[in-house]
Structure formats: C-alpha cells, structure tokens
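Below: one structure, written as structure tokens.
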Amino acid sequence: MAAGSTLSGPDIVETVRRRWMFRHPLVIRLAHWLNVVCLAILLMSGLQIFNAHPALYWGAASTFDKPFVAITDDQRDDGTPRGIVFVAGHTFETTGVLGLSNLNGQQAGRAFPAWATLPAHQDLATGRRWHFLFAWAFVINGLIYLLYGIGTGQLRRRLVPDGDQMRGFGSSIREHLTLHFPEGDEAKRYNVLQKLSYLVVVAVLLPLMVLTGLAMSPGVNAVVPLPDLFGGRQSARTIHFIVTNLLVLFVIVHVLLVLLSGVVNNMRSMITGWFVIERQKLPAGPGETP
C-alpha cells in the first residue's frame, strides 16, 4: 500500500496508492449470506408449492376459466404434447422448461421442472415445510439487519442517496450501460443506482413478499384480515408470484454487476469485510507536467 503519485503520459496523473477499506461489518455480511440461503430455498420450495396449482387469479376466488397466469401442458394439432404458459390472454410454448419437462428420462407435465423445485419430485407437504421454516428464518434475519442498520446508521448510509448522487443519476446510468464503474473515492460508497435499487428491495419488495405470504395463511387471516389489503387471497398470491420474479431479476442483475465490476474484490469484501480501492487515473491539473 505505497503512497505517492507518478506522472504517466502528457495529460494524465496516475495516483499510485492502492487503498484498503473495511466496507462490510460482520452483521451485514452474515445477513447477506443468510439471505442467499433463505431466498434460494424459498424460491425452490415456492415453485414446488406453485406446482400444486399452477395458475394465478385476481380477486378473492379462483376463476378457473379465466386465469391471469397459467403454466400447463396440452397437445399440438398433430397430437404431440407441449408445455405452454398463458399470460393475460397470450399463450407461449415453453416445452422442455415450463409446463412439460424431462423427469427421470420421460416427459412430465408439471409447471416448473424437477431441477428447479425443492424437493425435486412433486411433494406439496414437504415443500410447504421447507418454505415456512426458511420464511421465518428470513424474517428474523431481516429484522436483525434492520435493527442493526437503524441503530448504527448503516441503513441510511447504504440505502439513501445524497443530493450530489441524485444529481448524477443520469451519468450513473450511462456509466453502467457502458460498464464504467466508480473509481477512487467514489468507489468507497454505493452509487446512486445501487442505493435506489437496494432501497426498493428492502423497503418495498421484501415487505410486500412477507405480507402477501402471510395473507395466504388462514391462521394469520383469522387474526388480521390481510387478504383485504390486497383485494383478496388470490390477488395476494398473484402479487407474491410477481414480486418473486422481480426479486429473481434483481438477483440476476446484482450477480452480473458483481462479476463485471470485480468479482474477487466484491466477494472478498462480503466475506472478510475488506474492499480494495484501486488506482485511479485523473486528468493533469494546472502546473502538472509529464
């Protein structure tokens, strides 16, 4: 970690110092990795539960003849089977992945394939047990994260962009689209897009996921009429499914950005807490000559 600077090129000053910073406290790191485990199991067990009735509706009751979304199988005109996804009046063939997939060497009609569900074979009771266990683990982990984040100020620093960052919103979008990521001092903190996306996940999507999940529980509904908040139990189930897909999309983008912006540095920071601020090249200022 040497300090100092050298001149490189007629118009560039390169800062040589390579700095280390402690970015993620232990509680944040533990919460992150517990979330990874919980969300993976919740997703796979949730798909198992969905397979028991692979259709979604709006309202309080199931309108079987008019689903909003349905994943099933039928036959083509020539009699061969196919998997299909029906969404708001539109039908898409998804043979091999959704509706009809391979199971033990044979084609099987099931909404999500065996490799995506927990357990792999159709078992609603076991899927529900996995789902409920890790749902509560996820909620407890989230509450600990929130209490720690609020108490230490970490939540505000990590999720709320300041005025300067908001003014640079457009340039941050351009930088991400061109795969140019923050350097130097700007790399010390989350950028505006990171903060806003994490804020939406923590303040909107995850609470919505928990509340719609509870709205489908008869035991909870006997005490608190949560289904009414979402327009009925079937609407709550549909919103739960939509939020799940938004979270999956968020995770995919998150992982891609981790890979593109420096997988070793990012992974090290989330395992050990230490993050490296790499050297930064800056335009030469007045009086600086090569």
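Any Cβ shown, glycine's included, is placed from N, Cα and C.
In the predicted model, the domain 'Cytochrome b561 bacterial/Ni-hydrogenase' (23-273) shows an average pLDDT of 94. Annotation source TrEMBL lists domain 'Cytochrome b561 bacterial/Ni-hydrogenase' at 23-273.
Per TrEMBL, the feature transmembrane segment maps to 26-50 (among others).
Taken from TrEMBL, the feature transmembrane segment covers 130-148 (among others).
If you look up TrEMBL, you'll see 196-218 (among others) marked as transmembrane segment. For the transmembrane segment (196-218), same-chain residues at least 6 beyond its ends with a Cβ under 8 Å from one of its own Cβ atoms are 135, 139, 142, 155, 158-161, 190, 224, 226-227, 229-230, 233, 236-237, 239-240, 243-244, 246-247, 250, 253.
Residues annotated as transmembrane segment in TrEMBL: 238-260 (among others).
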